[in-house]
Amino acid sequence: MSSSARSPLPTVNERDAEQPGAVEGKGGGKASMLRGRNAGTAAEEQPHIGNYRLLKTIGKGNFAKVKLARHVLTGKEVAVKIIDKTQLNSSSLQKLFREVRIMKVLNHPNIVKLFEVIETEKTLYLVMEYASGGEVFDYLVAHGRMKEKEARAKFRQIVSAVQYCHQKFIVHRDLKGKKYDGPEVDVWSLGVILYTLVSGSLPFDGQNLKELRERVLRGKYRIPFYMSTDCENLLKKFLILNPTKRGTLEQIMKDRWMNVGHEDDELKPYMEPVPDYKDPRRT
């Protein structure tokens, strides 16, 4: 469904200051008529990219920003990531395009979908599924730690998505609550995420980078009094200093804590639906 275009992008709609054939009238004449027209076409005059009208900015980084956008025909809301290619060196550009290629092949209900890619000489636009729930980190700051039932519902989705990536030989390597050299790296990161969801704090913390590093290398973390024994036992499968002794995601999916309340729906590796090419809706 993704596509790439290198032609110049549509720009903001431009209109003449006056309409041809404008007629003088009462109460302000031509200017009054123009005010009415401008009010009616304000939405049309918003900047747009391809078939998407750009709305407010919902995220910003060093070389990119994310805007909420709406499809001009269907009204569907999407997120458009706007990346300034001129600020990236050749190595960073290669990583960026590799990430785009990976996003194109992913099809999982808990992974944001890439709908379209639009490229110009200086800018790359990624039209993606809009996840309106916001960042997990922001939720924890606003509401504090989650009850284990709520944390379980969220964490099952995260584990399913990461395991799906591993099936495709893709390693995330940047998993954290605020978005915090192999699959074992992701397993450790998932442990940090689970601890953060349930406790509202990080398992390892320090006043500076040196202190934080020392605590991580000791592998010691505090178990809150309210954490269930099942959750504690699951964390011990994640937060192990020796990568070879960490649990696999397939083992973790079968863990008791992961499936409390889901006994009839044990978490399993996600299988993509096979396209039905005989479906009449595809013709």
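The backbone N, Cα and C atoms fix where each Cβ goes, and this holds for glycine too.
Heads up, TrEMBL stuff is auto-annotated, nobody curated it.
As recorded in TrEMBL:
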type	residues	note
BINDING	K81	ATP binding site
DOMAIN	52-258	domain 'Protein kinase'
REGION	1-42	region 'Disordered'
Cβ distance under 8 Å to the residue listed as 'ATP binding site', same chain, sequence separation 6 or more: which residues? A64, K65, V66, Y125, L126, M128
Over the domain 'Protein kinase' (52-258) the mean pLDDT stands at 90
